[in-house]
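Listed in TrEMBL for this protein:
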{"type": "TRANSMEM", "residues": "442-463", "note": "transmembrane segment"}
{"type": "TRANSMEM", "residues": "469-490", "note": "transmembrane segment"}
{"type": "TRANSMEM", "residues": "497-516", "note": "transmembrane segment"}
{"type": "TRANSMEM", "residues": "570-588", "note": "transmembrane segment"}
{"type": "TRANSMEM", "residues": "621-638", "note": "transmembrane segment"}
{"type": "TRANSMEM", "residues": "669-686", "note": "transmembrane segment"}
{"type": "TRANSMEM", "residues": "706-723", "note": "transmembrane segment"}
{"type": "TRANSMEM", "residues": "839-858", "note": "transmembrane segment"}
{"type": "TRANSMEM", "residues": "865-882", "note": "transmembrane segment"}
{"type": "TRANSMEM", "residues": "956-975", "note": "transmembrane segment"}
{"type": "TRANSMEM", "residues": "1018-1036", "note": "transmembrane segment"}
{"type": "TRANSMEM", "residues": "1056-1074", "note": "transmembrane segment"}
Amino acid sequence: MKGLPVLSLLLWMSSVFFVGLYLFVGGFLLVRLEVNRTSGCEDVLHPGQDPVDFCWARPRFRRAVLLIIDALKIDFARFDPNNTTPRPYQNKLPVLQETASSRPLQSRLYPFRADPPTTTMQRIKGFTTGSLPTFVDVGNNFASSAILEDNLIHQLGKEGKRVVFMGDDTWENLFPKKFHRSLPFPSFNVKDLHTVDNGILQHLYNTIIGDDWDVLVAHFLGVDHCGHRFGPDHPAMADKLTQMDGVIRSVMDRLQNDTLLVVMGDHGMTDSGDHGGESQKETDAAIFLYSPSPIFPGPPTQNEPDVVPQTDLVPTLALLLGVPIPYSSVGQVLLPLFPPHGQTEGAVRGLSQLEALWINAKQVNRFLETYSGMAKDIPPESLLQLKDQFSRLSSEYLSSVGEGRSPSQQLVSSLQAYLTSVRDTCRSTWAQFNPLKMAAGLSILALACLMCFLLSELSVVLVREDDGGLKVLVVAALAAGVGVAAAQLLSQGYMELTWCLAAGAFSSELLFFWRARRLGSPAVSKNGTKGPKSGGWLTPRRLLIPPLLVPLLRCASLLSDSYVIAEGRVVTFLLFSLALYIPVHLNWDGLLLPPSHDPLKSAGLLPSPALSPSTVRKESSVLLSCLGLLVGSLYLSLSFHGCREEQGSCQPSAFLSPLSRFQDSQLKNIHYVLSVVSLGLWTYLLRRCLCHYGNLNSSGGAVFTARWVLPVLSVCLGLHWAVSATPEDSFRNLGELIRMAQLALPRAAFCLLGLGLALIWLDPLTVFVKTRAAASSRSSSLPPPRYRASTGISPQAELHHLIPQIYQRMRRSLDDGELSGGGEAGGRPMVEAYGLGSVYSAPLLLFWGLLGVGLLLLHPEGMALAFLLLLLEMGALLHIHASSSTLRGLHGACSGGFTVPWTPVVLWSLAATQFFHATGHLPTFPSIQWGAAFVGFPDGHTGTVLPASLVTLNTFASHILFAVGCPLLLFWPLVCEVRGGRGGRGCGEEGEDAVMEMRLRENPQQFSSALLQLSTRYLFIHGTQVFASVCAAAILRRHLMVWKVFAPKLMFEASGFLVSSIFLLIGVSLVLRVDLSVGRWFQRLIPESSR
């Protein structure tokens, strides 16, 4: 088998797709242009002709305390005295509402609305810079880089304010060396509810009563982590909110009159405790403002804001503390904190509302002028309108101040409207696209899809070449890349890697199409027949076949946000419909039922069918039974779906919640038993399948893995679930032991998983050979195999001729045993080989099953039943494909290879997407199961690579399993073949034994081409899905739902394709590794005398 060309072509094909995605994403998800300028005290912001140093004026407050309670949604802060049966998250923070009601001159409570994405790092950027972080910033949430834009922390430090920080270590990464004193604590371990909060409380109160600080920032994480681990509706949330209520009361008691207290949340949370998206439950946090001295001119009025945007905190705090507003801020001052014009004496001294608005508007207009000069993404008509509006307001304000008359209240409203217009304009245009990169990425991806299709059609021709023609393509790509790099260096003085990769991908694609045209021309054919022209592969007749219409229909539907929202159920319907097409098509062709009795066939005037009527009925029954199993699995899998925020009344599956969240012990026990039973069935079915085909008789590494590693791994997983579901305070005497088990059991499972996968890779053969001396007369009369065709034959050619003779001798030996009475000792065959017929599929199936248990370890316990359904669905698809292939053997015509039709390939790819949803995942960031990062690492990580890898494996588990198991589509019809039923298919002798996968060994070139064709077809289906997502994002880039629906869908499709490609290569590599071991095994069978 020519394994290297197959692997090389697949690697090159995947690389071209990666380059196209890299180009498009680089043009589509660009970060907003940052203005690296800093505000200063000398800026002319006050009205008048002479510059005024703003920082020398006495600030409204000398000190400020910022208590940030992560994920403090507004529902947590409200208090309803009429609610006699509150839920765990209700009425647990009474201090906020009570203080706001009893002390209206000293406090206020507002909803505090965040801009998406609602992840912690982006929110910190938002309420310290006053800017609007873009969508792509979400990818940096766990790899925080320092903020370079002007921000509130920088301004406070520059003016000599001593900023003390304690809490979430994300701040230390965003503002390195910016704090007077810093006490950071690790933040990524969402299972740890107390370390950060307790660390803050050890230092908070002593710091407040001290005098070595001006601004104190304390970022609590317990509420957020409790939401991630248990959800808001859990007693642990009540305990954590009650603790925060006590903290706020204690801080208020220690404040001085010149200190402002700000209690705020950075974002909210969904009903499941997650965040990251833009639903109102995720964006609406709470903000509470308080000072021992009066800070508001009066009780709340109708003019009070209903909601405070987070960006408004920056200019408000800056002016209250007497520092300049950060340069890039687009926020608006919170007017109730400033007295009306002419009432700035006494307790409410400081800037008036109109003065604060004027300073704010002047700063925003300055930023707008600077930004519009650097970037051209703001529409010119909007920019001109904003400039005219500010010019008119500036003239009105300056004239009123110059004349000494009091400005009108209408001017206040106009300034507010101007600031709101600037923010809305920036929000709508800060998706800075690079059309050239997007177009290049689209072009490369379109050509890659076309190239992948042609590669599957040309697999037979390409495999004949030693390297599959890859050397020429690689050389052309390198030459084009180097040429573009040289041109860039000569013309620009620097090199941009993006365009070098684009040039290399384009050149290799164009060269491939030129070679495909030559390879597809009739003149190249060597078998005497005219091959199809290259253009013939792209005719509507070849493309618009029912199996390909389904993915094409799905790709077109990706332009609809309604389809993306309901994709889980739609894909389930498409999978069911295409599976139903198989028996309907077979029945249409007259292959599903035995043919009727024909006298001409009985007389021998017409050829008899290849399969007997009983065999046809049996295969049809298997096909229909497996179709029923598939339908049942699809129906049950709908019980494991999650819910998007757009789906309204949808309720997420209870199986998505970890057992630790269940408060009903009986229900928890039922879920645990279901999970353990499902895991046991998974292990039993895998071992039963291997045992059925005789693959558990040898003593190799793969068999050891099946016999011992897989069961022990399952036991570790079951024990891990039991320990994880046990509350930490249930057994106080065993608390340390439970914590040790939470650490040891999953790590032991990881070690067993690595050991098992390594053993399968190193020793994949599951064949047991047993030889006997010939006992029957017929077997003794057999001539010994001639190992040499001539004296000058090469060893490689000798082995090539030898292998079919070994098969033949084994089969004749088996026939002798049957004819002479196989039950007698003297009539047993002289060669017994157990597991030889499934030598390729057995290690691949074991590898797949072991990997599935490892991926299940990263999921909630309830997903064990979903994984069992995945196994049943996969088995049903394989048997439907095998039975369909067997029934089509009725034609008795040699196909010249082992081609896997499009229908099972499309079904396989649809199943990967369907079970992505059936394992609780969604193409949205809030649905990511972050808890996977802490399986085996409850104390967190020192880096981001390992947790990111664990989360990726959790998210794309279905893509991984179906990609690794894709070669099974090639093997399973051979594993399930009926004796004498594939003579035409395998081009063997009619009526010969079912030698199963040994046919592949007899036809190595067809084996290679079939494996290449199957892999490229699978890549083609996933590649077209990615291309459709890219087109949807490009076409709808100004659509209202682009950042909520289409951009996340693009990111998940691209990531899924990347993961699928990698694990498809792993699956193909394992097949090649098995083939190499099989070759060595046959070499050991050659008698010494024949060498």
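Glycine is no exception: its Cβ is also placed from the backbone N, Cα and C atoms.
Caution: TrEMBL annotation is automatic and unverified by curators.
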(message) Should anything in the same chain at least six residues away from the transmembrane segment (1018-1036) have a Cβ under 8 Å from its Cβ atoms, list it; otherwise answer none.
(response) 10, 13-14, 17, 21, 24, 28, 438, 441-442, 445-446, 448-449, 452-453, 456, 551-552, 554-556, 558-559, 905-906, 908-909, 912-913, 963, 966, 1042, 1046-1047, 1049-1050, 1053-1054, 1056-1057, 1060-1061, 1064
(message) Can you tell me which parts of the same chain pack against the transmembrane segment (621-638), counting only residues 6+ beyond its ends and a CB-CB cutoff under 8 A?
(response) 568-569, 572, 575-576, 579-580, 582-583, 586, 592, 866, 869-870, 872-873, 875-877, 879-880, 883-884, 887, 914-915, 918
(message) Which sequence-distant residues neighbour the transmembrane segment (839-858)? Criterion: at least 6 residues beyond either end, Cβ under 8 Å.
(response) 679, 682-683, 686, 689-690, 693, 695, 702, 705-706, 709-710, 713-714, 717, 720, 746, 749-750, 753, 756-757, 760-761, 764-767, 864, 867, 870-871, 929, 932, 935, 950, 953-954, 957, 960-961, 964-965, 967-968, 971-972, 975, 997-998, 1000, 1067, 1070-1071, 1074-1075, 1078
(message) So if I exclude everything within five residues of the ends of the transmembrane segment (570-588), which remaining residues of that chain have a CB under 8 angstroms from its CBs? That is, six or more out.
(response) 546-547, 550, 553-554, 557, 563, 620, 623-624, 627, 630-631, 634, 637-638, 877, 880, 884, 887-888, 903, 906-907, 910-911, 913-914, 917
(message) Below 8 Å between Cβ atoms, which of the listed ranges 469-490, 497-516, 865-882 makes the most pairs with the transmembrane segment (669-686)?
(response) 865-882
(request) Examine the transmembrane segment (497-516) against the transmembrane segment (865-882) and state whether at least 3 Cβ pairs sit under 8 A, considering only residue pairs 6 or more apart. (result) no
(message) Six or more residues beyond either end and a Cβ under 8 Å away: which residues meet both conditions relative to the transmembrane segment (442-463)?
(response) 2, 5-6, 9, 13, 16-17, 19-21, 23-24, 469, 502, 505-506, 509, 512-513, 516, 519-520, 524, 534, 537-538, 897, 1005-1006, 1008-1010, 1012-1013, 1016-1017, 1019-1020, 1023-1024, 1026-1027, 1030-1031, 1034
